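Have a look at the structure below, then the notes.
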Amino acid sequence: MRYQRPKGTADIMPDQSAKWQYVEQTARALFRKYRYQEVRTPIFESFEVFSRTSGETSDIVTKEMYDFYDKGDRHITLRPEGTAGVVRAFVENKLYGPEVTKPVKTYYMGPMFRYERPQSGRLREFHQIGVEAFGVDNPTLDVEVMAMAVELLESFGLTSLKLALNTLGDADSRAAYRQALIDYLTPFKDQLSDDSKERLTKNPLRILDSKDEGDQAIVANAPKILDYLTAEAKEHFQVVRDLLDQLGINYEIDTNMVRGLDYYNHTIFEIMSDAKAFGGKWTTVCAGGRYNGLVEQLGGPETPGIGFGLGVERLLLILADQDLDLEDNLDVYVVGIGQATNAESLKLVQSLRKQGFSAERDYLNRKPKGQFKTASKLNARFTITIGESELESGTANLKDMQAQSEIKVSLAEIYADFAKLAQAKVSEE
Ligand code: ATP
Ligand code: MG
């Protein structure tokens, strides 16, 4: 019997994990600057946390949920996205209280699960890095969140990016627009795709986002949300645009953009890339928006919120085309010659590690030649070699692997301050 990982999942092996850590650490450092703090919520939640918020007719709820009944007959779901769980935690932990400074700025990173047809950039277990900010309705925060998302992607060296922007307005705007869309689309009902026929009554805005070419042709002449905004929603969107302009952040308004989740309102955005990895097709890497009703939907007081989620696997697909210098070179390889040096070699690597260096040694009693080969393969900066005679005289040979030059040093010096010794060795060359 050979075991295989489940379809649509991936093993992140040692040769890949440095990239993951680089992405995660870059994000953490950026979020710290913007004063976002990490929250860690459970990977599974009650089914209702998502079914109530993502929208009964959304793909996520209807087709993609990894849900099951546990041994206590509770309806559980592996989280398909990060926002609903963070909002649930925000409410449960009462972060909305008057004593808490607003906005409450949070971020998360971790695995998400969706039952989808696996393909490049689309997995069943994938990872998101996301932020959620609560308690402020000011469009300035919308712009800060978008600026942060753009800065995050740029900090990975991504250049060819597109920020697509739209507004879904408030509840009144949306109701008026929904009716206008239904009025426009109903005469085309028979020509719509089967999915869109169903959406027409349940969630007509979704038709705007249809991947079906026939639908897209019909939608091209549909009324635009911008013509149905209330004065307040129009003002919110205008401020967002003005501030983006003032920050010099380029964007394209895409009035046909809707999001896959039903809880958004006002500002929504996607950051897309046409990197080689996506075959030249503009692909969404990061998506987000405002969700002013969501906290209430999950039982909290009226609290505005906004956030985004970034797909880590899609980001890594782009980074695969770029040269990242993530070499994790070894500082010192200790070459021990003969069984008698075993304990001293161990003491040496332990001392070096405690002094802050990365250190490695041989564990297989190999001959010096084999050990030096490994030291080169691991790109060791220095080797320290001890044999039985060195052991007796309390010395070792310190070799600078770059200059290929060697000197005799005392073991006591290594134990006392290897940094000093290495510095002296290098500057002498
Ligand atoms: P799509 O239209 O591609 O299905 P979505 O609207 O379902 O995307 P969101 O729920 O907004 O995606 O998730 C935010 C980001 O998470 C996406 O832009 C993408 O980068 C990533 N993502 C979503 N689903 C997957 C998946 N199955 N595998 C890998 N990454 C994903
Ligand atoms: Mg999807």
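Numbering starts at 1 and runs along the chain as displayed.
Yeah, the Cβs are placed from backbone N, Cα and C, and that goes for glycine too.
TrEMBL does not curate its annotations; it predicts them automatically.
Pulled from TrEMBL, these are the features on record:
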- 23-319: domain 'Aminoacyl-transfer RNA synthetases class-II family profile' (DOMAIN)
- GLU81, GLY82, THR83, ARG114, GLN128, GLU132, ARG259, TYR263, TYR264: L-histidine binding site (BINDING)
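Overlay of TrEMBL annotations on the structure.
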| residue | record | contacts (Cβ under 8 Å, 6+ apart) |
| --- | --- | --- |
| GLN128 | L-histidine binding site | GLU81, GLY82, TYR108, MET109, GLY110, MET112, GLY309, LEU310, GLY311, VAL312 |
| ARG259 | L-histidine binding site | ILE268, ALA287, GLY289 |
| TYR264 | L-histidine binding site | LEU168, GLY289, ARG290, TYR291 |
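Our reading of the L-histidine binding annotation (GLU81, GLY82, THR83, ARG114, GLN128, GLU132, ARG259, TYR263, TYR264) yields a largest Cα to Cα distance of 21 angstrom. Restricting the average to the domain 'Aminoacyl-transfer RNA synthetases class-II family profile' (23-319) gives a pLDDT of 94.
The binding-site residues under consideration are GLU81, THR83. Their Cβ neighbour counts within 10 Å are lowest for GLU81.
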